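Annotated in TrEMBL:
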type	residues	note
DOMAIN	D:5-249	domain 'Thiazole synthase ThiG'
ACT_SITE	D:K97	active site, schiff-base intermediate with DXP
BINDING	D:G158, D:A184, D:G185, D:N206, D:T207	1-deoxy-D-xylulose 5-phosphate binding site
4 protein chains.
Amino acid sequence: MKPLQIADKTFTSRLFTGTGKFRDIATMQAAVEASGSELVTVALTRVATQGDVDERLTALEASEINLLPNTSGVRDAKEAIFAAQLAREALGTNWIKLEIHPDPKYLLPDPVETLKATEALVKEGFVVMPYIQADPVLCKRLEAVGAQCVMPLGAPIGSNKGLRTQDFLEIIIEQSNVPVIVDAGIGAPSHASWAMELGADAVLVNTAIAVSPDPVTMAKAFEMAVQCGRMAYESGLASTHPHASASSPFTSFLTE
Amino acid sequence: MKPLQIADKTFTSRLFTGTGKFRDIATMQAAVEASGSELVTVALTRVATQGDVDERLTALEASEINLLPNTSGVRDAKEAIFAAQLAREALGTNWIKLEIHPDPKYLLPDPVETLKATEALVKEGFVVMPYIQADPVLCKRLEAVGAQCVMPLGAPIGSNKGLRTQDFLEIIIEQSNVPVIVDAGIGAPSHASWAMELGADAVLVNTAIAVSPDPVTMAKAFEMAVQCGRMAYESGLASTHPHASASSPFTSFLTE
Amino acid sequence: MKPLQIADKTFTSRLFTGTGKFRDIATMQAAVEASGSELVTVALTRVATQGDVDERLTALEASEINLLPNTSGVRDAKEAIFAAQLAREALGTNWIKLEIHPDPKYLLPDPVETLKATEALVKEGFVVMPYIQADPVLCKRLEAVGAQCVMPLGAPIGSNKGLRTQDFLEIIIEQSNVPVIVDAGIGAPSHASWAMELGADAVLVNTAIAVSPDPVTMAKAFEMAVQCGRMAYESGLASTHPHASASSPFTSFLTE
Amino acid sequence: MKPLQIADKTFTSRLFTGTGKFRDIATMQAAVEASGSELVTVALTRVATQGDVDERLTALEASEINLLPNTSGVRDAKEAIFAAQLAREALGTNWIKLEIHPDPKYLLPDPVETLKATEALVKEGFVVMPYIQADPVLCKRLEAVGAQCVMPLGAPIGSNKGLRTQDFLEIIIEQSNVPVIVDAGIGAPSHASWAMELGADAVLVNTAIAVSPDPVTMAKAFEMAVQCGRMAYESGLASTHPHASASSPFTSFLTE
């Protein structure tokens, strides 16, 4: 498989994961390792509110894994910019996963504030990875102001419904000049393969791994799913056919 | 992963494949090997009409792979029984994949003739693997007359549409006391994972591998897809949620 | 709209309905009337077990509506044939809706017993309307033994999921020489329109009307849905497009 | 059915339609009349570029139908505002359907420019009806700046794929305090019913009517579809069930 380039980093793994919702830190650490992920989100609020780097971070920092602070919890561009600055200071990284969701129920992203914050943060030297609706026009605008990738959702966050936005993801993938990373909605390995088969550059999976009864096995399963989906994409998949055709040669030899 | 038992054989791999539609024998042999499959279908007509075991078979017989003759091309129970007997003689195996499809356009299976032929072949000592519609009642009847597994279709053969019959596959899997192997419709690794996540015991994939521009890579991709789907099933998958929930802890710390 | 012919009867309405699950007889009577249906199923067990024609029947017999006894509750061909004979005697009709479902949980139909009973009942002069899986091969066999129509299911009975079997319904409709009536799974007017748009000849809806808080309005809604779906089918529907096109003329006049 | 209120107007019909793509003006006029629609879009470019009210408008103005100029063809807020002003002058209406789509291939809407233009036009006294992605957060922001309704798309414009955005439409409908009108993607009457069953306040259908071989019948079919979908919504629809239940009483009377 081809490696993935975002900004100045090259990734062998196309599975990004997160640190939230695990039952304990040892499980989180083992699952992240099993996933093979080289980029792992961490809610910056864990850093900022505790005034110190917590155990979670210590556990990951020992490894080669890149931390990706996210702005989860902010409600507009101003809060997001402040949060990104805090994260840069606390974690020493200029990468930021931008999540701006004013509605606490569905946590859906705000397109207008996300564009505004992306533009400002890029100017401050951040590598911005914005979480957004599967909105092809917004993706092009984010690209235009310097987003290093786009992170459209597959389905409402936490719904595990897969790629309900497939029609729009296909357009985004067709038009994008930056990597497309499907975020939210991926609840099973088959969803991750599906995203990769469509041509997504990577997927981000957190909940489905963290809340599994066996997060380590599930992390490994997602790693394989991302790989096989990508292999299929690079090899070339068959299209769907409205009419059937036989997979075995049809013959009437026995009746002649 | 747990091994799969069918009749007297134990399979480590839960991916079954076929020998049809490859561009040449070397590619077929390499793809089958890459798939890790331990059970590979071969159209008995290739054997019967040529009076001798052809190159294709020679290529596979050298390996540890089990050949599974299929009756593709027959139109009723009588023809199927005759075809199975020919296959047993030619290939020295009492395993038979039963495919009875009177309609040459869609190659959909005949439920009545399939039940009749299964009953007769079981009495003659065959291990019968019947290809059928995703019909839960038919599955129970096939089981009752001694079918060693059931092979419901996911979508019209060759359509690559995935698991259009999901609602019925779920009922079949819930009710079956013999292995359930999803056959037909699987056009991408994500479809194979999906079947395994539902609890299918195995999948059969031929066309999607054989017609790929790179069948060896695709075979490997399907092997991984089956494995990760099974791992997810055994680990326990999250259910889908009508309402979203956050994958990162929500906080309002910045605005207080 | 073209009228629908089944056996010797001509129907103006393409919505068939039932008498079960209503909260009282007056509501049932009003809803059936509002539906415009000319063919209404009644569980023959209501007749047979009570030794007399009950109120329900009296209510309907006064009208022009044709009663269609069903064999719901029987488990094999033998029971079905007996049930049909009882129904003919009790209700004075040789029309029978054949439902054979050995499994009390999902009430899915048995293809083998249904074919056997259809053949026998046709020989005894019945107009047989068999409820079946959306199995194209079975449909052709039922037609061959004299079924006057086929009644494939859209989704598991009572699931209200719509046309989960669409791929197979399309093949059935393409191949059938007798009317195709979609039965089971239709939970909303949009599902009924959808079936008609695919080219189904009629739909049978019972639960979705009977259990509605307002069965009379819902019956009327289904009547309209069937009509508009049929009108669209007869007028010719647009196909789906993978790529978008504008519905308004695109112009750059303002920017020139 | 309850009437629909938008700004100062009350609508009996919940089907809005358009004037584009018809083969001739007489057909357009007849179809619009058959649809029962009381609000009909017209591309303002037809007005503006011809310097005079064309035949199309004359045909409609004689009737009671309200014309709704759209800004189709504009690429940003500035162009849209200018277009709306032109339309107000030419047609004497302060209603405007706001469509801003910078990409000529898919004609998908720009969320940022749409919000900006809405805010400006509301201040100028326009009744603004914005065409947007099915983006729940954007809908709330449009409502906050004074949009009189929101018009989320069901699928890419002209694709006829139905409500691919259902998950997000449900959230929009749940949260909105202004009417929700589904626009784009509706290719069949069943799609229109489906939107209404979800609780949409109205639908806009143009292409599917205009390009039908029989636009007048199709217009009537859509009118009925919208009505029956709304009736079902107001009456209360059954939910979908993962497990089946019988629609006829199950009995074992015959076998006892």
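Glycine residues also receive a Cβ, built from the backbone N, Cα and C atoms like all the rest.
Note on D:A184 (1-deoxy-D-xylulose 5-phosphate binding site): other Cβ atoms within 10 Å of its Cβ, all shown chains, come to 33.
Around D:G158 (1-deoxy-D-xylulose 5-phosphate binding site), the same-chain residues six or more apart in sequence whose CB sits under 8 Å from its CB are D:L107, D:A184, D:T207, listed in sequence order. Note on D:T207 (1-deoxy-D-xylulose 5-phosphate binding site): other Cβ atoms within 10 Å of its Cβ, all shown chains, come to 24.
Here 1-deoxy-D-xylulose 5-phosphate is bound by D:G158, D:A184, D:G185, D:N206, D:T207 per the record. The longest Cα to Cα distance in that group is 10 Å.
Mapped onto three states, the DSSP output places D:N206 (1-deoxy-D-xylulose 5-phosphate binding site) in coil. Each residue contributes its Cα atom, and for D:N206 (1-deoxy-D-xylulose 5-phosphate binding site) and D:K97 (active site, schiff-base intermediate with DXP) those atoms are 14 Å apart. With a threshold of 8 Å between Cβ atoms, the recorded positions D:K97, D:A184, D:T207 that neighbour chain C are D:A184, D:T207. Under the DSSP three-state reduction, D:K97 (active site, schiff-base intermediate with DXP) is assigned to strand.
Taking the Cβ of D:G185 (1-deoxy-D-xylulose 5-phosphate binding site) as reference, residues of its chain lying under 8 Å away and at least six apart in sequence are, in sequence order, D:L153, D:G154, D:A155, D:P156, D:I157, D:S159, D:N160, D:K161, D:G162, D:L163, D:R164, D:T165, D:H191.
In the structure as shown, the Cβ atom of D:N206 (1-deoxy-D-xylulose 5-phosphate binding site) sits within 10 Å of 24 other Cβ atoms. Neighbour density for D:K97 (active site, schiff-base intermediate with DXP): within 10 A of its CB lie 29 other CB atoms from the protein chains shown.
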